[in-house]
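Report on one structure; see the data block that follows.
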Amino acid sequence: MATHYSIIGGMIIVVLLMIIGSEGGRLLEKKNRTSAEAEHYNVRRYLAENGLGQTPPMGWNSWNHFGCDINENVVRETADAMVSTGLAALGYQYINLDDCWAELNRDSEGNMVPNAAAFPSGIKALADYVHSKGLKLGVYSDAGNQTCSKRMPGSLGHEEQDAKTFASWGVDYLKYDNCENLGISVKERYPPMGKALLSSGRPIFFSMCEWGWEDPQIWAKSIGNSWRTTGDIEDNWNSMTSIADSNDKWASYAGPGGWNDPDMLEVGNGGMTTEEYRSHFSIWALAKAPLLVGCDIRAMDDTTHELISNAEVIAVNQDKLGVQGKKVKSTNDLEVWAGPLSDNKVAVILWNRSSSRATVTASWSDIGLQQGTTVDARDLWEHSTQSLVSGEISAEIDSHACKMYVLTPRS
């Protein structure tokens, strides 16, 4: 019998309890279910009908680095760089415009209009260019009467019209923000856009950005493909770790077709150390977060490229099982994060969030392995393998750094 993983069983039971309306219920312990059985266990999932997001989306978003200082040349050059740096071949496919791409006023027919100075060729021409590179284009709007910058109109009351416009341009992704919302509940403002996108005639990934205000992870699965669980990330250690913790508590609600979104990556923007960025990327990958690069990839340094192009870490994020890893142990800022992968493997992060070098240990009981299991431990950052590891895995780790492993049980 394949090795039993309590993590897989536990997370599946959480989903089942949610569906039958027993969110506060006691998790029933399931014995003797192999991980293969767990992977195929028939649990109903309420997912958006567009079939997108079977793994977390990967790509780039303009906001963290450029803010409103964005134009079509930057976007074209970013698409070029996505291909030339090898990121596209690793799965980074979305080139996403954030706020400020449109004129403040709609045209005489009520349609959104690209900013004439920044996007003189229009969004359709830009989408055509991005598509010619084998990539996909995303745009931004807001479930209010204006966007957060107040420089372009929101889509509240124009959902069907705007969705048809986006589809006619060849848009593949919509980030939908939450500003200028007139005090109307997100549960009233977001479903109309989800429905409009489904009726637009084009598959468009729907990224809901309501900042976790009304616990979208509970109700958004039938509406969108991802949902922000927190406010905006900032390019510093305290913001990144706080968001990681806030997002973690909703781990059981994520899965293929619908993902928790702790916001875009800050790797390469300069506000954290290399090891802090390594931790940032590792935790986002394990948490099955959308991997949307937020730096200027046209000018990124070698270290940034090395961090965001680690194929082994990306593979954890894109694993087909689609179970979000989570924090399973924390003692004095020494943490263990773990989650199950396909083929009975387990991903583990040993994270030192303390202010000094320390040893971090994950015992098999922490991460859901049976005590007698022997594994091969693949270090995803060192690209090395320890064979025949049993009982626990341990490492001495610098302050704010981490180690990330994939454990493969010996048969």
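Quick reminder: no glycine exception, Cβ is built from N, Cα and C everywhere.
Within 10 Å of the C-beta of ASP177 (active site, nucleophile) there are 24 other C-beta atoms, taking all protein chains into account. Look at Swiss-Prot and you will find ASP177 tagged as active site, nucleophile, backed by similarity to another entry.
Around ASP232 (active site, proton donor), the same-chain residues at least 6 positions away in sequence with a Cβ under 8 Å from its Cβ are TRP211, ASP263. Look at Swiss-Prot and you will find ASP232 tagged as active site, proton donor, backed by similarity to another entry.
Marked as substrate binding site by Swiss-Prot on the basis of similarity to another entry: GLU210, TRP211, GLY212, TRP213, GLU214. According to its DSSP assignment, GLU214 (substrate binding site) is coil.
Look at Swiss-Prot and you will find CYS68-CYS100 (among others) tagged as disulfide bond. Secondary structure at CYS68 (disulfide bond), as computed by DSSP, is coil.
Among the features that Swiss-Prot reports, disulfide bond is placed at CYS148-CYS179 (among others). Sequence-distant neighbours of CYS179 (disulfide bond) (same chain, 6+ apart, CB under 8 A from its CB) are ASP142, GLY144, GLN146, THR147, CYS148, LYS150, GLY154. DSSP assigns CYS179 (disulfide bond) to coil, not to a helix or a strand.
Per Swiss-Prot, the feature N-linked glycosylation site maps to ASN32 (among others).
For ASN145 (among others), the entry in Swiss-Prot reads N-linked glycosylation site. According to DSSP, ASN145 (N-linked glycosylation site) sits in a coil region rather than a helix or strand.
The N-linked glycosylation site annotation in Swiss-Prot covers ASN352 (among others) and rests on sequence analysis. For ASN352 (N-linked glycosylation site), the same-chain residues 6+ apart in sequence whose C-beta sits under 8 angstroms from its C-beta are ASP333, LEU334, GLU335, ALA358, VAL360, ILE397, ASP398, SER399, HIS400, ALA401, CYS402.
Feature annotation from Swiss-Prot assigns signal peptide to 1-24.
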Just checking the recorded positions CYS68, CYS100, ASN145, ASP177: which sit within 10 A of GLU210 (substrate binding site), CA to CA? ASP177
Most Cβ neighbours within 10 Å, among the binding-site residues GLU210, GLU214, goes to GLU210
Taking each of the disulfide-bonded residues CYS68, CYS100, CYS148 in turn and counting other Cβ atoms within 10 Å of its Cβ, which one has the fewest? CYS68
Looking at the binding-site residues TRP211, TRP213, which one has the fewest other Cβ atoms within 10 Å of its own Cβ? TRP213
DSSP state at ASP232 (active site, proton donor), helix/strand/coil: coil
With neighbours defined as other CB atoms within 10 A, the best-packed of the recorded positions ASN145, GLY212 is GLY212
